[in-house]
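Annotated features, as they stand in TrEMBL:
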DOMAIN    2-154  domain 'Glycerol-3-phosphate dehydrogenase NAD-dependent N-terminal'
BINDING   Gly6, Ser7, Gly8, Ser9, Trp10, Gly11, Phe29, Ala135, Arg250  NAD(+) binding site
BINDING   Ser9, Trp10, Tyr46, Lys103, Ala135, Arg250, Val274, Glu276  NADPH binding site
BINDING   Lys103, Arg250, Asn251  substrate binding site
DOMAIN    175-315  domain 'Glycerol-3-phosphate dehydrogenase NAD-dependent C-terminal'
ACT_SITE  Lys186  active site, proton acceptor
Amino acid sequence: MIGVIGSGSWGSALAIHIAKCQDVMLWGFNNEDVESINNTRTNPRYLGDIVYPENITATTQLKEVVDQCDQLVFVVPSFALQGILKEIKEYQRPGLSFINATKGLEHDSNRFFSTLIDELFDYPVQAVLSGPSFASEVARHLPTAITIASKNERDAKSFLPLFHHHHMRVYLNSDPIGVQLAGTYKNVIAIAAGISAGLGFGCNARAALITRGLAEMTRLGTSLGASVETFLGLAGVGDLTLTATSTESRNYRFGQFIGQGLTKEEAFEKVFQVVEGANNVINMKMLGEAQGIELPIVNEVYQILMENLPPHLAMSHLLERSAKSE
């Protein structure tokens, strides 16, 4: 049995996909969601009327998942993952392996979650899952390609049976730091693209933000030892393009609402679900400063969200920057 930690839209979508070939135990913290999945085979709050297969069992008991599942898939908001990992450490047993599909960094230390997992569990089998993949499309079995990354190819391959089947294709990657950074950074650029759209700017501005955002992401990533090729692949340009061009993206929608004049709190309420980019921007700004890397788009999004800079002024700042070589 496979344990999926997180019963939101993305966790549920991955559980539905995995359930095509394995039994799944799906952990969630919300009693109503868990009861709905077990009793009605649906979770309207996150996936509408999509039906959960009968071989998915939902629970609120994390220890139950750890006791019964050898492979755990983490799909929770980044702010919650550290606490969940520490709780799992209390229940740990030999043979556990982990794959992380959460996009973000540890909030208080700015560490990558792969680093935290190594420290907590003494270098276990682990990998990172990322790539352009809207939950609603995965749950409806539409074609999707993702990346699984690990420093150890054998570790990455151990998770292939969970994901590489039916409508999902998996590509392996040996750069977990680059994959994690890309999955985090693209959320911030998606907010910027949404703000641009909310201000009434056109496709030209969005294309510029995506392209320059990719350049920022790559500069920061390579300063941390990541591979340039990672940012040109599914976890980088693939996920960035998807997230920064569609209203299916929570980060993009959130940015649109900000650009239209809503406050941050009003925009959160309209989106309803977690907007990772609003937290990720803090991580990326801190990393950029620590590495001495200039990140103009991240800095402007940070000022909009954390210092109440009017969005039109932030966009003006970007346009007024001195001319330079691409």
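Cβ coordinates come from backbone N, Cα and C, glycine included.
Nobody curates TrEMBL annotations by hand; they come from automatic prediction.
Since the structure is predicted, the reported quantities are computational estimates derived from the model, not experimental observations.
Recorded features from TrEMBL, shown on the structure.
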residue	record	Cβ within 10 Å
Gly6	NAD(+) binding site	24
Gly8	NAD(+) binding site	21
Ser9	NADPH binding site	23
Tyr46	NADPH binding site	24
Lys103	NADPH binding site	28
Ala135	NADPH binding site	21
Arg250	NAD(+) binding site	23
Asn251	substrate binding site	26
Val274	NADPH binding site	20
Glu276	NADPH binding site	26
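Ala135 (NADPH binding site) has its Cα within 10 Å of the Cα of these binding-site residues: Trp10, taken from Trp10, Phe29, Asn251. Whole-number maximum of the Cα to Cα distances across the substrate-binding residues Lys103, Arg250, Asn251: 13 angstrom. Across the range of the domain 'Glycerol-3-phosphate dehydrogenase NAD-dependent C-terminal' (175-315), the DSSP-based residue counts are 109 helix, 0 strand, 32 coil.
Across the domain 'Glycerol-3-phosphate dehydrogenase NAD-dependent C-terminal' (175-315), mean pLDDT in this model comes to 97. Sequence-distant contacts of Lys186 (active site, proton acceptor), defined by Cβ-Cβ distance under 8 angstroms and a gap of at least six in the same chain, are Gly213, Met217, Gly236, Asp239, Leu240, Thr243, Ala244. Gly8 (NAD(+) binding site) falls within neither a helix nor a strand when secondary structure is assigned with DSSP, and so counts as coil.
Around the Cβ of Trp10 (NAD(+) binding site), the same chain contributes Val75, Ala101, Ala135, each under 8 angstroms and 6 or more positions distant in sequence. Taking Gly6, Gly8, Ser9, Phe29, Val274 as the binding-site residues under consideration, the smallest Cα distance to Asn251 (substrate binding site) is found for Val274. Here nothing among the binding-site residues Ser9, Tyr46, Lys103 falls inside 10 Å of the CA of Arg250 (NAD(+) binding site).
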